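> Sharing a structure below in C-alpha cells format, with a few things to ask.
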Amino acid sequence: MNRPKPLALIIMDGFGLSEKSDGNAIKQAHTPNLDKFFEEYPDTVLDASGEAVGLPEGQMGNSEVGHLNLGAGRIVYQDYTRINKAIEEGTLPENDALKNAIQHVKDNNSALHLMGLLSDGGVHSHINHLFGLLEMARVKNIEKVYVHPILDGRDTPPRSAEKYLNQLEEKLAELGIGEIATVSGRYYTMDRDNRWDRTKKSYDALVLGEGLEASDAISALKQSYAADKSDEFVIPTVIKKNGQPVGTIKDNDAVIFYNFRADRARQITKALALEEFDEFERPAEHPENLYYVCMAEYDEEFNLPVAFPPLEIKNGFGEILSKEGFKQLRIAETEKYAHVTFFFNGGVEKKYPGEDRVLVPSPKVATYDEKPEMSAYEVTDKLLEKLDEDKYDVIILNFANPDMVGHTGFMDAAVKAVEAVDECLGKIIPRIVDMGGQVLLTADHGNSEKMKDSEGKPHTAHTTNQVPLIYIGGPEGVGVKPGKLADIAPTMLEILGLDTPEEMTGQSLLTR
C-alpha cells in the first residue's frame with residue numbers, strides 16, 4: 001500500500017448508532033455527505049462503552065475515556081475499574097496509601113474519615129468503593145470511623161439520595177463500624193469554579209462542626225427537601241448527638257477522599273490538606289498532621305498520597321509518529337481540545353516533537369443549543385488552511401457538536417449540530433482524498449442518537465451504543481471489520497506502513 005498523505009482521523013464527538021428514528025437527531029438530520037460516505041466506502045461498527053474501553057460492563061463511554069483508548073491503541077483501564085478490581089480481588093488493604101492511612105490512625109489513636117460522592121453514578125465515585133473502604137477499616141479494627149457523604153442528584157435522579165443513605169446506614173449496621181458525621185450536596189463540597197464560599201461551607205462543617213444541624217442523615221435530607229433543595233443543593237449539615245458534632249476532622253486524623261475523578265475533588269482537598277492556602281482564612285482549629293489520601297491523582301503538585309496513581313501509557317500513537325519523524329496536527333475547538341491533545345496522548349500534557357496543535361475558541365454562549373454549529377465552520381476553515389501547507393502526515397480532528405449540543409436535551413438543536421458537521425465533512429474529506437490522503441471517520445461515544453428517554457423526556461447523557469467507522473480513500477479491495485476504539489491506532493499504523501508496538505494490544509481492522 002502506498003502511504004497516504006495525510007491520513008486523517010476525524011472524530012464526531014457523541015455520534016452513536018441506533019436503528020430507532022424517534023428521538024434520534026442523527027437519523028432525523030439531513031446529511032447528504034455522510035449518506036454518500038456510508039454508501040461509497042467500507043464501513044463497520046466499534047464498541048465505545050463498558051469493558052471495551054476499560055469501564056465496567058454496561059457503563060456508557062465518555063470523551064476522556066474514548067480519546068485515551070483511541071490514542072493508546074490498547075484498552076485503558078479506568079480508575080473506576082481498577083478500584084473495582086482491587087475490591088473484588090481483596091487487594092485494597094495492601095494498597096500503600098490506604099495502608100499508611102490506617103497505620104497513621106493506629107499510631108495516633110485518632111479517627112479515620114471517609115469522604116466522597118454517595119451514589120452509583122460511576123462518574124466521580126461509586127458507593128461500592130466506600131463499602132470496600134469500610135470493610136477494610138473493620139478488618140483493620142479501626143474504632144473511630146466517620147463518613148462524610150456528598151449527595152449527588154446530577155449523575156443520579158435529583159431526589160434519589162435517601163436510597164443511598166439507607167444503603168450506607170445498613171452497611172454501617174451490618175459491619176458494626178462507623179457513623180455518618182456530615183451530609184452535604186455536591187454543589188458545595190465539589191465546586192470546581194473557584195466559588196470558594198461554597199467550599200468554605202463544607203470545610204466549616206467538616207472541621208468546625210458548623211452549618212445546618214440534624215440528628216441523623218435522613219433528617220438532614222428531609223429538612224433540605226422541605227426547603228425545596230434537591231440532593232445536589234443540600235447545604236452542608238452537621239449531624240449532632242447530645243448537642244455535639246458526631247465527628248469533625250481533627251489533628252492527627254486521616255482522611256480518604258474516595259472520588260476518583262479529579263476536577264471536582266481539588267478545591268476541598270486544597271482547603272483541607274495543603275499547607276499553602278489563601279482562598280479563605282482557615283481557623284486555629286485547622287487540622288495539623290492530617291494524613292490525606294486522594295483515591296486518584298487530583299493534581300500532581302498537591303504532593304499528597306494517591307491510592308491509584310495514573311498508569312503510564314508507553315508507545316501511544318502520537319509518540320510513535322514522533323519517533324518515526326512524522327508531522328502530526330491536532331485540531332479542535334476549546335470544548336474538545338484537551339481530548340485531541342492531553343487525553344489522546346495518554347493523559348500527558350507534553351507535546352511531542354513534530355506535533356502541532358490548533359485551538360479554535362468555542363462560542364461564548366450560555367448553552368450550545370443557542371449556537372448548535374458551535375465553532376465547526378471555523379475549525380474547518382483553519383484545517384483547510386493547514387492542508388494548503390501540505391506538511392502533515394497525520395491529522396487528528398474533533399467535531400464537538402453532536403456531543404455538546406446533545407447534552408442540552410434540545411432535539412432541534414441537536415439535528416442542526418449534526419447537519420453542521422455533515423456540511424464541514426463535505427468540505428474537508430473530498431479535499432483530503434484529492435491530495436492523495438485517506439480518512440478514518442469515527443466517534444468516541446454515543447449521545448445525539450438518543451435525545452429522548454423511554455418516557456419521552458429529554459435524554460441528555462451519553463449512551464452505550466456502538467459508533468461508526470468509515471474508511472475513506474483506501475485502496476481497492478481493502479475493507480474494515482468490527483472492533484473497538486483501541487483498534488484505531490493499530491489500524492492507522494498499518495495504513496502508514498508502521499509496525500504496531502507490543503504495548504498496543506488493539507488489532508488492525510483492515511481486511512483484504
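Any Cβ shown, glycine's included, is placed from N, Cα and C.
Annotations per Swiss-Prot:
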ACT_SITE  Ser63  active site, phosphoserine intermediate
BINDING   Asp13, Ser63, Asp444, His445  Mn(2+) 2 binding site
BINDING   His124, Arg154, Asp155, Arg186, Arg192, Arg261, Ala262, Asp263, Arg264, Lys336  substrate binding site
BINDING   Asp403, His407, His462  Mn(2+) 1 binding site
> Could you check what DSSP calls Asp403 (Mn(2+) 1 binding site) once collapsed to helix, strand or coil?
helix
> List, in sequence order, those binding-site residues among Ala262, Arg264, His445 whose Cα sits within 10 Å of the Cα of His462 (Mn(2+) 1 binding site).
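Within 10 Å Cα-Cα: His445.
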> Among Asp13, Asp444, the binding-site residues in question, whose Cβ has the most other Cβ atoms within 10 Å in this structure?
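Counting every other Cβ within 10 Å of each candidate, the maximum falls on Asp444.
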> Across all the protein chains here, work out how many other Cβ atoms are within 10 Å of the Cβ of Asp403 (Mn(2+) 1 binding site).
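Its Cβ has 31 other Cβ atoms within 10 Å.
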> Filter the binding-site residues Asp155, Ala262, His445 down to the ones within 10 angstroms of Asp403 (Mn(2+) 1 binding site), Cα to Cα, kept in sequence order.
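Neighbours among binding-site residues, in sequence order: His445.
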> Quick one: of His124, Arg264, His445, His462, which of the binding-site residues has the smallest count of other CB atoms within 10 A?
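Across His124, Arg264, His445, His462, these binding-site residues, the one with fewest Cβ atoms within 10 Å is Arg264.
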> Identify, in sequence order, the residues in the chain of Ala262 (substrate binding site) that are 6 or more apart from it along the sequence and have a CB within less than 8 Å of its CB; answer 'none' if there are none.
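When sequence neighbours closer than 6 are ignored, Ala262 (substrate binding site) has Ala296, Glu297, Tyr298, Asp299 within Cβ distance under 8 Å.
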> When the Cα of Asp13 (Mn(2+) 2 binding site) is compared with the Cα of each of the binding-site residues His124, Arg192, Arg264, His407, which one is closest?
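Checked the binding-site residues His124, Arg192, Arg264, His407; minimum Cα distance to Asp13 (Mn(2+) 2 binding site) goes to His407.
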> Show, in sequence order, which residues other than Asp403, His407, His462 on the same chain lie with their Cβ within 8 Å of the centre of the Cβ atoms of the Mn(2+) 1 site.
Asp13, Gly14, Asn62, Ser63, Pro402, Met404, Gly406, His445, Asn447, Ser448, Thr460, Ala461
